[in-house]
Amino acid sequence: MDGKRKFNGTSNGHAKKPRNPDDDEEMGFEAELAAFENSEDMDQTLLMGDGPENQTTSERWSRPPPPELDPSKHNLEFQQLDVENYLGQPLPGMPGAQIGPVPVVRMFGVTMEGNSVCCHVHGFCPYFYIEAPSQFEEHHCEKLQKALDQKVIADIRNNKDNVQEAVLMVELVEKLNIHGYNGDKKQRYIKISVTLPRFVAAASRLLKKEVIMSEIDFQDCRAFENNIDFDIRFMVDTDVVGCNWIELPMGHWRIRNSHSKPLPESRCQIEVDVAFDRFISHEPEGEWSKVAPFRILSFDIECAGRKGIFPEAKIDPVIQIANMVIRQGEREPFIRNVFTLNECAPIIGSQVLCHDKETQMLDKWSAFVREVDPDILTGYNINNFDFPYLLNRAAHLKVRNFEYLGRIKNIRSVIKEQMLQSKQMGRRENQYVNFEGRVPFDLLFVLLRDYKLRSYTLNAVSYHFLQEQKEDVHHSIITDLQNGDEQTRRRLAMYCLKDAYLPLRLLEKLMAIVNYMEMARVTGVPLESLLTRGQQIKVLSQLLRKAKTKGFIMPSYTSQGSDEQYEGATVIEPKRGYYADPISTLDFASLYPSIMMAHNLCYTTLVLGGTREKLRQQENLQDDQVERTPANNYFVKSEVRRGLLPEILESLLAARKRAKNDLKVETDPFKRKVLDGRQLALKISANSVYGFTGAQVGKLPCLEISGSVTAYGRTMIEMTKNEVESHYTQANGYENNAVVIYGDTDSVMVNFGVKTLERSMELGREAAELVSSKFVHPIKLEFEKVYYPYLLINKKRYAGLYFTRPDTYDKMDCKGIETVRRDNSPLVANLMNSCLQKLLIERDPDGAVAYVKQVIADLLCNRIDISHLVITKELAKTDYAAKQAHVELAAKMKKRDPGTAPKLGDRVPYVICAAAKNTPAYQKAEDPLYVLENSVPIDATYYLEQQLSKPLLRIFEPILGDNAESILLKGEHTRTRTVVTSKVGGLAGFMTKKTSCLGCKSLMPKGYEQACLCPHCEPRMSELYQKEVGAKRELEETFSRLWTECQRCQESLHEEVICSNRDCPIFYMRQKVRMDLDNQEKRVLRFGLAEW
């Protein structure tokens, strides 16, 4: 519903049938809905049976019937989408502990025929390692097992699971420590296998703090791999990766049915049991890169709130739920319906399911979810609004069985609060609901993780990615539509259906599910973990897999923030200026991964401080077998030991090369998307390995690696600069001496002094090959682009026309300039864009200066639309050290209306208003709509001095020099200002309003208070009347155009516009013109009847 949408949006696809210009009713989304396949079957109401299991419903909703399977004769293949574990009882004939409870892994998935599968995997036990004390021998294992077992069981508080066995096995093994090179001789470690995942932490804690065996002390023995999640441990050891295909060979699995023991626990069509060492996990390449037709349910709810109060689940009813279900790989949703409270007029292309009672509607919807059996649940802000609201509302109304929305019959879906914090996403309050076997895939969450946008409302996102606007209904208006008739409820249903359809459009456009699925396959973690966890789990999973094959184990590291820092990447000091000649750009291909591979940088190759001499004596390690990095760290060369990280990176980049080659020959559009998602996931994964080593609060930080990588990067940038400038000289026969004008992390910009794009590109390619030949393989410098012209403003701030071929430019590329910054008003971005367009594309500096002057004049005279002045900032926390404008405004809005006030994690829109001199900016922030409605004057000086001046001077100083400020920010165009009189605040409440003459604006003399003109202007009454009527007519035409535009967006030219989309500039224009029109009508009415 709209209320949750500070996150809200549209859905407007490409209609399949041509639009009739005379057909006002059926446009855009409505036409698209009607044009879907089987639309004629959809326009009907269905009756549904009762109960959470096996109800009689539409066949269209059900999955295809499963085949008759015989485990002794058939293999079972399915793509798993979710991996989780639970505590169950041992199954006779399965490995592992034989007295319960035991951990069982559940894999949920889909077959190629579209049947849902629940696979119980038995016998896998959690374990960890500790260093073996020197006196510990093989014969001590059994004694340690019994002693530790007793300690762990005694440590259990309230043994409600009746655990009788905690430590299953103790073994003496030989492994290599991943951290640091100590030769190839394996060390002795004790492997401790326990019955339940929670006993890993308990056992390692007891070993550290208590006396387990009197004759041997374990307290100083370091623990290894005791911080690995059980699901990840299982996937690593069984070679399962996220979203890959699992095959159960005939004769090695059991099927559950109504006669089996144990009985089925899930709602899946096929439920099976298998031992952890009896199934085949296929690598997701070749034939096994295919994708099953898993079901995605996108839904949206509408609530009937009270005026001025955001809906509350205990009070405000759910009135509509719209649903769209699509199979992955198909373009159209095959299920389209809307559940409504009270009668609703039919909608072509959608089932309308009407209900008399809210409890009945919620009951039927939960039954619908169980029947459709979706694999993925999506929508917009469903985690923080739709799911919690539905569950809380159903609980309040005591709707029986509603909360059983997952695939396990006896597990309720419950709401859990969580605080998410990461460098990538900031700090956000989040709610999480469990749906065993179904993956919640909130589109808003995906966008917050992956895209930096000015606004995250569904409408803003829709416009950004799909170039479509949509009607946005405020939550206070929804109740009026619900309380109307079946036609107003139909309008609401269309709006609700759009908001369910749009996430599917955006998921397809952004390839979000395919990309995340491929990332899960590449990194080896479950799909849901990619959404709910940070970056480190992805690298950790890959590192564990590679370490397992080589006999390495990973020490447990307690996360502690460290003050120790390493020097970052080099930035060559920029030679600022406006370059009218072509500037060649040379980029290092995958710079940091290449450095790690070329110089064998890894945990396993690091020579720790103080061990060099020991290694020289014990391992005969020669000086020429060790490489000293520019950061003064030492690593053994690959001839001594090839590092794990370089091997991981090599396999990732080789797999990416294969995927890109396959992409070149693949013709199937969906397979192309999968391959493109795969190569992107492989690229991101390779680049994140370096970040894993540098994360100080992480699983395995190693500043020696990350510091060495950036140190090598710095020397390579400097070396590239020296090579280019020493080789490309007039003395060597070239046109001019080349100059490196800027270098940043992994690229250098070179001015070869040539005039043509062709020659600049030719020299760029030649220089890339020349410099690459000087570096260790696989470090490679590539020529990618030419900027022509190029505006170099400062470090990490530049703009230019981006050419990859000489005939035409690809785009205007900007970095660090206010065109791409989100914490400025759109006025800044639009002005910067227009200036850069005039400077770079039109090459008209004088025109750019004139345009800037005009915009500044418009700003000072109050001619800029308020939508261009809105600044947005994220409410990341409420306890900033200094007072912040958006935080103070959020507090002010909370006092006005707690329901609609911004919450933690939201982006807060505000404008800066005029106030007394020296008033701090945080006190001048105000809600844009409040400003419009109360004619609060804007602080134009703030926008000029704090928002526009610095960006403008940065762009124009390289062109105008020291005169830039006096030319742009001072002069004739800044002398005229318009001041708006506020209706609120200040002295407005104490002043008496007096009438003034409509002609000369002077106060009316005594005796003329009711007249429209003073005696001096009265002779010109006819002329002045015509002027006021003309002004009114202009405003009416403007309002009519804006109104019609909004009607077209809402797809009906006959209904009132009720949209309140604040991300749409027309919304503010419409509000302002409406107010101006009201004022102008009052001015005209002062003339009275035109009898004169």
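For all residues, glycine too, the Cβ spot is worked out from N, Cα and C.
Here's what Swiss-Prot has on this protein:
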- CYS997, CYS1000, CYS1014, CYS1017: Zn(2+) binding site (BINDING)
- CYS1046, CYS1049, CYS1059, CYS1064: [4Fe-4S] cluster binding site (BINDING)
- 1-71: region 'Disordered' (REGION)
- 4-19: motif 'Nuclear localization signal' (MOTIF)
- 1046-1064: motif 'CysB motif' (MOTIF)
- 997-1017: zinc finger (ZN_FING)
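Sequence features, as recorded in Swiss-Prot, placed on the structure.
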{"residue": "CYS997", "record": "Zn(2+) binding site", "contacts (Cβ under 8 Å, 6+ apart)": "LEU1003, MET1004, CYS1012, LEU1013, CYS1014, HIS1016, CYS1017"}
{"residue": "CYS1000", "record": "Zn(2+) binding site", "contacts (Cβ under 8 Å, 6+ apart)": "CYS1014, HIS1016, CYS1017"}
{"residue": "CYS1046", "record": "[4Fe-4S] cluster binding site", "contacts (Cβ under 8 Å, 6+ apart)": "GLU471, VAL1057, CYS1059, ILE1066, ARG1070"}
{"residue": "CYS1049", "record": "[4Fe-4S] cluster binding site", "contacts (Cβ under 8 Å, 6+ apart)": "GLN469, LYS470, GLU471, CYS1059"}
{"residue": "CYS1064", "record": "[4Fe-4S] cluster binding site", "contacts (Cβ under 8 Å, 6+ apart)": "ASN459, TYR463, GLN469, ASP472, SER867"}
Ask   = Within 8 Å of the centroid of the Cβ atoms of CYS1046, CYS1049, CYS1059, CYS1064, which other residues of that chain place their own Cβ, given that this set defines the recorded [4Fe-4S] cluster site?
value = GLN469, LYS470, GLU471, ASP472, GLU1045, GLN1050, VAL1057, ASN1061, ILE1066, PHE1067
Message = Please report, as numbers and ranges, the same-chain residues at least 6 past the borders of the zinc finger (997-1017) whose CB is under 8 Å from any CB of it.
response = 1024, 1028, 1083, 1086-1088
Task = Give the residue counts of the motif 'CysB motif' (1046-1064) per reduced DSSP state, in the order helix, strand, coil.
result = 5 helix, 1 strand, 13 coil
Task = Output the one of CYS1014, CYS1059 that, of all these binding-site residues, has the highest number of other Cβ atoms within 10 Å of its Cβ.
result = CYS1059
Request  = Other than CYS997, CYS1000, CYS1014, CYS1017, which residues of the same chain sit close to Zn(2+)? List them in sequence order, counting a residue when its Cβ is within 8 Å of the Cβ centroid of the site.
outcome  = SER996, LEU998, GLY999, LYS1001, SER1002, MET1004, LEU1013, PRO1015, HIS1016, GLU1018
Query = With every protein chain in view, how many other Cβ atoms are within 10 Å of the Cβ of CYS1017 (Zn(2+) binding site)?
reply = 18
Task = With DSSP as the yardstick, break the zinc finger (997-1017) down into helix, strand and coil residue counts.
result = 0 helix, 1 strand, 20 coil
Task = Take the motif 'Nuclear localization signal' (4-19) and average the pLDDT across it for me.
result = 34
